[in-house]
Amino acid sequence: MALPTLPSYWCSQQRLNQQLARQREQEARLRQQWEQNSRYFRMSDICSSKQAEWSSKTSYQRSMHAYQREKMKEEKRRSLEARREKLRQLMQEEQDLLARELEELRLSMNLQERRIREQHGKLKSAKEEQRKLIAEQLLYEHWKKNNPKLREMELDLHQKHVVNSWEMQKEEKKQQEATAEQENKRYENEYERARREALERMKAEEERRQLEDKLQAEALLQQMEELKLKEVEATKLKKEQENLLKQRWELERLEEERKQMEAFRQKAELGRFLRHQYNAQLSRRTQQIQEELEADRRILQALLEKEDESQRLHLARREQVMADVAWMKQAIEEQLQLERAREAELQMLLREEAKEMWEKREAEWARERSARDRLMSEVLTGRQQQIQEKIEQNRRAQEESLKHREQLIRNLEEVRELARREKEESEKLKSARKQELEAQVAERRLQAWEADQQEEEEEEEARRVEQLSDALLQQEAETMAEQGYRPKPYGHPKIAWN
């Protein structure tokens with residue numbers, strides 16, 4: 001049996017399909033491997049980032065904060081439980097205490113009720129006893145009032161009492177008059193003593209105030225003298241400041257003159273170089289140097305004169321400055337003599353020698369001028385510094401003087417204000433003491449007048465009572481004499497009193 005023959009294109013198609021399938025499988029495996037690798041790296045990145053985050057300081061702080069929060073919550077919870085337990089115990093203790101108080105109150109109410117009942121019984125019995133005593137007393141008073149013998153005895157006793165009381169009233173009146181007189185004398189003596197003490201106090205206060213016024217006046221005079229001295233000192237300081245400013249301006253003017261002379265010398269020197277006239281130039285240059293030296297000498301002489309006029313420099317610095325200026329003056333005079341000798345010598349030189357001598361002397365002159373300018377600059381700078389220091393010292397002294405004067409003026413104003421207040425207080429005190437004394441005198445007079453009025457009223461009342469008693473007694477005696485004895489009817493049997 002023969003097998004069917006497969007065409008060739010079918011085999012190639014099958015191989016192509018197999019190759020495509022293998023390629024797809026490989027791509028699927030690669031894609032799967034890529035996804036696994038990417039997932040692995042992604043997970044690794046996530047793990048590393050989480051580990052880095054967890055191991056970082058921020059994560060540590062966050063963890064510690066969370067731990068602290070949990071710990072604080074736990075502590076708050078325990079504290080809350082403890083407070084609740086304590087509150088529960090307090091409420092239980094309070095309930096127990098209230099129960100005990102209620103029990104004690106119930107017992108005390110029973111005891112109080114028993115005591116009230118006992119007190120009620122005692123009060124009732126005491127009231128019955130008191131009622132009996134009052135009834136007996138009333139019966140006794142009724143019998144005493146209606147008994148004629150007792151009434152006669154009472155009338156006799158009353159007459160004797162009136163007579164005796166009249167004598168006693170006379171004695172009491174005399175004693176009261178004597179006592180009132182003694183009181184008046186005592187009041188007068190006390191008033192006189194108080195008046196003398198007040199006068200002595202006022203006199204002592206016046207003497208003390210006069211002494212204080214005298215001391216204050218002396219202090220004011222002293223402060224005013226000091227203020228005048230300070231004003232004179234301020235005027236002196238202002239004048240001194242003006243002089244210092246003038247000296248500084250003079251120094252500036254001298255320095256400006258030196259600068260102008262230097263500029264003029266430079267211009268003249270330039271002209272001489274252009275004309276090449278060495279002999280004439282040497283003569284003129286020598287004359288110019290002499291003029292410069294003369295000018296420097298005049299400046300130093302002026303500085304010496306200013307230093308002699310100065311009164312506020314320290315001694316050591318002043319001597320140093322004087323020595324420097326004197327040395328500079330001596331050096332300039334020596335230089336001036338040397339220049340004069342050179343001028344005489346230059347008259348004998350030839351043209352070529354004069355040229356060489358010109359160059360040589362010009363170098364020497366330049367060195368000497370530089371040294372001289374430096375020394376003059378130092379001297380002028382020192383003088384300017386001294387003047388500036390004087391100006392500063394003068395300014396500070398003026399400020400101190402102004403402050404002191406202002407303080408003195410304030411002190412004077414305070415002293416005047418204090419004196420005014422003390423005077424007002426003294427006047428008020430005098431007025432108050434005067435009013436107090438007048439009030440005491442008026443009060444004592446009023447007391448004496450009230451005592452006299454009361455005594456007169458008492459005497460008048462005593463006389464009126466006595467007259468009324470005598471009239472009633474006489475009227476009662478006449479009535480009894482006219483009517484005779486009449487027994488009184490009694491509505492109840494008499495009680496035999498022992």
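Cβ from N, Cα, C; glycine included.
According to Swiss-Prot, the protein has these features:
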| type | residues | note |
| --- | --- | --- |
| COILED | 11-39 | coiled coil |
| COILED | 66-136 | coiled coil |
| COILED | 163-353 | coiled coil |
| COILED | 380-479 | coiled coil |
| COMPBIAS | 168-189 | compositional bias 'Basic and acidic residues' |
| CROSSLNK | Lys50 | ubiquitin cross-link |
| CROSSLNK | Lys57 | ubiquitin cross-link |
| REGION | 73-498 | region 'Interaction with keratin proteins' |
| REGION | 167-189 | region 'Disordered' |
| REGION | 259-425 | region 'Trichohyalin/plectin homology domain' |
| REGION | 447-498 | region 'Disordered' |
Lys57 (ubiquitin cross-link) in three-state DSSP notation: helix
Secondary structure content, the compositional bias 'Basic and acidic residues' (168-189) (per DSSP, counts of residues): 22 helix, 0 strand, 0 coil
Arithmetic mean of per-residue pLDDT over the coiled coil (163-353): 69
Rounded to the nearest Å - Cα separation of Lys50 (ubiquitin cross-link) and Lys57 (ubiquitin cross-link): 13
Lys50 (ubiquitin cross-link) - helix vs strand vs coil (DSSP): helix
Count of other CB atoms lying within 10 Å of the CB belonging to Lys57 (ubiquitin cross-link): 7
